[in-house]
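Q: So that we are looking at the same thing, I have put the structure below in C-alpha cells.
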Amino acid sequence: MGTGNWSHVTEFIILGFPHFQGVQIYLFFLLLSIYLTTILGNLLIFLVVYLDSRLHTPMYRFVSILSFLELGYTAATIPKMLANLLSEKKTISFSGCLLQIYFFHSLGATECYLLTAMAYDRYLAICRPLHYPTLMTQSLCIKIAIGCWLGGLAGPVVEISLVSRLPFCGPNHIQHIFCDFPPVLSLACTDTSVNVLVDFIINSCKILATFLLILSSYLQIIRTVLKIPSAAGKKKAFSTCASHLTVVLIFYGSILFMYVRLKKSYSLDYDRALAVVYSVITPFLNPFIYSLRNKEIKEALKRQLMRTGILR
C-alpha cells in the first residue's frame, strides 16, 4: 500500500497541559506576562546595543543578535500555546505543525551556533587579548553571525523532509505543549526508527558539538584566568563570561536531555517540563541575566533613558 493511501490526518490536536484543565485561564495570564516581559526585555537590550555606540563591540553585537533571535524563537511556539489555553479546539494543521517544528528547531540551532560564537569571542578576548582587535574584527563578527543564521535555517530541512513523508492515519493527539519531532513521530502509522536515528545523529552533531566547543573555550579561559596574579583581574575576567555561561548552562542543560537520545520519550510530563525550560524560561531569563549582571548594559540603558527624558 502506498504512503499516500495511509495519510489521512490533516490536522493535529495539541493537548498542552492536560493536568491543569481547571486553571487554564491562570496559566494563560502567567504565560502572557512571561511572553510580554520576554519581548520587552530582549527588544530593550537589542535597541540599547544598537543605539549606544560604546556597545558597538563584537561581544555586545552578539548579545544584541541573541536578543533579536529570542524574539523569533519564542514567537514560533508561545502565541499558539496562548491561543490553545483559551480555545476549546486546540488544533493545528499538518503543514502548520511542520512549519512550527521547522522555525523552532532552525532558530534553536541558530542559538546553539551563536552561543558557540560568543564563547569563541570570550576565548579570544581573555586568552589572546593583544591579538583580539585584529582577530575579532567587525567584519568577521558579521560573517560569523550570518554563518550562524544560515547554518541554523538549513539545520532541520532533512528531518522535516523525512517527517513530511510519513503516513499519519490517526490518532492525532500530540502529547506535548507544541509541535515537536518526538511527539509527532509517535503518531506515525509506520516504523520511525530511521527518523529517530537521523534526529539523534543531527542533534548530536549540532548540540553536542557546539556544547563541547563552548566547554573547550571555557576550559582555556579558566586556565588563563587562574594565571592572573591579582584577585581583581581574575574577577574582572570572569565577570565578562558569567552572563554567557549562565545562559549556556540553562539552555544546554535542558536541550541535551530532550534531543540527544535514541528513545522517543522518557515520560510526557518530563518532556513538557523540559520544553517549558528551553522554550519559555530561558528566553525570559536572558534579558535579566545580561542586564542585571552586566555593568556596561545597565549604564548604557541609563544613558538612553536619560537621553529620552525618562530619567533625570
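Every residue gets a Cβ built from N, Cα and C, even glycine.
Below are the features listed in TrEMBL for this protein:
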TRANSMEM  25-50  transmembrane segment
DOMAIN    41-290  domain 'G-protein coupled receptors family 1 profile'
TRANSMEM  62-82  transmembrane segment
TRANSMEM  102-120  transmembrane segment
TRANSMEM  140-158  transmembrane segment
TRANSMEM  207-226  transmembrane segment
TRANSMEM  238-260  transmembrane segment
TRANSMEM  272-292  transmembrane segment
Q: Using a Cβ cut-off under 8 Å, which residues of the same chain at least 6 positions beyond either end of the transmembrane segment (62-82) come close to it?
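A: For the transmembrane segment (62-82), the list is 14, 16, 28, 31-32, 35, 38-39, 41-43, 45-46, 49-50, 55, 92, 100, 103-104, 107-108, 110-111, 114-115, 117-118, 121, 141, 145, 148, 177-178, 247, 279-280, 283, 286-287, 290, 297.
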Q: Who are the long-range neighbours of the transmembrane segment (102-120) in its own chain, taking Cβ under 8 Å and residues 6 or more past its ends?
A: 59, 62-63, 65-66, 69-70, 72-73, 76-77, 144-145, 147-149, 151-157, 159-160, 178-181, 206-207, 210-211, 213-214, 217-218, 244, 247-248, 251, 255, 278-279
